[in-house]
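J.: The annotation domain 'Glycerol-3-phosphate dehydrogenase NAD-dependent N-terminal' is assigned in TrEMBL to 6-163. Positions annotated as NAD(+) binding site by TrEMBL: Gly11, Thr12, Gly13, Ser14, Trp15, Gly16, Ala143, Arg258. Taken from TrEMBL, the feature NADPH binding site applies to Ser14, Trp15, Arg35, Arg36, Tyr52, Lys109, Ala143, Arg258, Glu284. Summarising the annotation, TrEMBL assigns substrate binding site to Lys109, Arg258, Asn259. Annotation source TrEMBL lists sn-glycerol 3-phosphate binding site at Lys109, Gly139, Lys194, Asp247, Ser257, Arg258, Asn259. Positions annotated as domain 'Glycerol-3-phosphate dehydrogenase NAD-dependent C-terminal' by TrEMBL: 183-322. Taken from TrEMBL, the feature active site, proton acceptor covers Lys194.
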Amino acid sequence: MSKPVKAAVFGTGSWGTAFGTVLADAGCEVTLWSRRPELADAVNSTRTNPDYLPGVELPENLRATADAAEAARGADFTVLAIPSQTLRANLAEWTPLLAPRTVLVSLMKGVELGTTMRMSEVIEDVAKVGRDRVAVVTGPNLAREIASRMPAASVVACTDEDVAQKLQTACHTPYFRPYTNTDVVGCELGGAVKNVIGLAVGIADGMGLGDNAKGSLITRGLAETTRLGLAMGADPLTFSGLAGLGDLVATCSSPLSRNHTFGTNLGKGMTLQETIAVTKQTAEGVKSCESVADLARRHGVDMPITETVVDIVHEGKPPVVALKELMSRSAKPERR
Ligand SMILES: NC(=O)C1=CN([C@@H]2O[C@H](COP(=O)(O)OP(=O)(O)OC[C@H]3O[C@@H](n4cnc5c(N)ncnc54)[C@H](O)[C@@H]3O)[C@@H](O)[C@H]2O)C=CC1
Ligand SMILES: O=C(CO)COP(=O)(O)O
């Protein structure tokens with residue numbers, strides 16, 4: 001009998017715990033790394049994650065530890081599920097502990113501030129591994145639904161198709177259906193920019209602008225994501241797949257989305273500080289809107305919805321003023 005696949009998941013938040021559950025349900029032996037020892041103890045003693053996924057039963061073949069070396073030991077897959085902006089510092093600490101031939105898997109949907117690097121690029125840079133050892137999981141995967149074993153499809157992206165297929169097998173369950181893709185750039189951009197568009201749609205919902213506005217923002221948001229992707233060498237078809245349209249639709253329609261909820265609160269008139277105070281978990285678009293806008297400028301790409309989100313979230317522009325400016329941009333053909 002072959003040995004079970006071992007997976008280490010760094011981050012015992014919503015998605016780390018939910019994806020760890022998927023891996024365990026698919027037959028892997030999973031160890032979650034938790035920043036706080038008391039959360040690791042709670043996971044092991046109650047078989048739940050009371051802080052992030054209360055009420056969801058976790059599988060027996062998933063355990064938690066606050067010891068990073070113990071989590072990393074012998075892992076075939078090392079999964080990273082922490083906020084995008086702390087990845088560099090965290091991974092620098094964990095790199096000496098990584099198992100020699102482990103594949104690093106990013107669950108994160110963000111772009112690093114300052115460097116404008118995608119998460120897989122940060123991983124390659126810090127862990128000094130080739131891109132064939134870095135994979136990305138992305139798509140319409142709201143953690144709470146996945147942890148409740150509700151059905152979803154996903155994308156497992158790696159430039160090396162064999163590696164993508166191994167990870168696909170490791171996380172395929174009756175409720176989680178992963179597809180492979182070798183377009184890592186497109187898959188990562190789809191996930192990171194959808195958080196920014198999710199904020200925009202949330203703001204519109206909070207302002208009560210209606211479903212036509214939502215449909216328009218999703219579609220034009222995807223258009224600007226695709227423009228950026230094309231400029232960065234992505235396959236445009238990726239954006240009509242799960243990592244693009246699929247993820248946008250889920251985030252922009254769900255009250256479970258933190259980015260959507262964050263935007264809704266802003267659209268209802270809460271200040272940025274009030275909104276941050278009521279947001280307990282990572283809403284990546286809040287920081288990544290700035291790095292995505294920066295990336296767009298570096299590539300000479302026009303991203304008006306992203307710029308509008310930056311103006312509202314970081315420059316304090318009132319949403320009604322931003323809306324007026326967005327609607328009064330010069331008229332143009334749809335495909336430009
Ligand atoms: N929650 C979801 O439905 C999904 C989330 N994602 C992405 O997964 C990533 C993680 O998100 P969630 O798990 O949802 O966030 P979360 O807020 O639920 O959990 C974040 C985790 O990171 C840890 N953490 C926070 N700051 C840290 C630091 N400085 N050093 C080390 N650990 C730290 C927290 O203790 C927690 O375990 C994000 O990039 C998000 O966009 C992707 C798909 C679905
Ligand atoms: O990425 C997600 C679903 O795929 C989760 O979205 P939020 O981070 O907005 O909750």
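The backbone N, Cα and C atoms fix where each Cβ goes, glycine too.
TrEMBL labels come from automatic prediction, so no person has curated them.
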J.: If I take the Cα of Arg35 (NADPH binding site) as reference, which of the binding-site residues Gly11, Trp15, Lys109, Ser257, Arg258 has the closest Cα?
T.: Gly11
J.: Among the binding-site residues Tyr52, Asp247, Glu284, which ones place their C-alpha within 10 angstroms of the C-alpha of Arg258 (NAD(+) binding site)?
T.: Glu284
J.: Take the domain 'Glycerol-3-phosphate dehydrogenase NAD-dependent C-terminal' (183-322) and count its residues per DSSP category (helix H/G/I, strand E/B, coil), listing them in that order.
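T.: Helix/strand/coil tally for the domain 'Glycerol-3-phosphate dehydrogenase NAD-dependent C-terminal' (183-322): 107 helix, 0 strand, 33 coil.
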J.: Which one, from the binding-site residues Thr12, Ser14, has the smallest tally of other C-beta atoms lying within 10 Å of its C-beta?
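T.: Across Thr12, Ser14, these binding-site residues, the one with fewest Cβ atoms within 10 Å is Ser14.
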J.: Spatially, and counting Cα to Cα, which of the binding-site residues is closest to Tyr52 (NADPH binding site)? Options: Gly13, Trp15, Lys109, Lys194, Asp247.
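T.: Closest by Cα: Gly13.
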J.: As a test of reading the model: what is the averaged pLDDT for the domain 'Glycerol-3-phosphate dehydrogenase NAD-dependent C-terminal' (183-322)?
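T.: Within the domain 'Glycerol-3-phosphate dehydrogenase NAD-dependent C-terminal' (183-322), the model's average pLDDT equals 97.
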J.: If the criterion is a C-beta within less than 6 angstroms of any ligand 1 atom, which of the binding-site residues Gly11, Trp15, Gly16, Arg35, Lys109, Asn259 pass it? List them in sequence order.
T.: Gly11, Trp15, Gly16, Arg35, Lys109
J.: Using DSSP and three states only, what is Trp15 (NAD(+) binding site)?
T.: helix
J.: Less than 6 Å between Cβ and the nearest atom of ligand 2 is the rule; apply it to the binding-site residues Gly13, Lys109, Asp247, Ser257, Arg258.
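T.: Going through Gly13, Lys109, Asp247, Ser257, Arg258 in sequence order, those close to ligand 2 turn out to be Lys109, Asp247, Ser257, Arg258.
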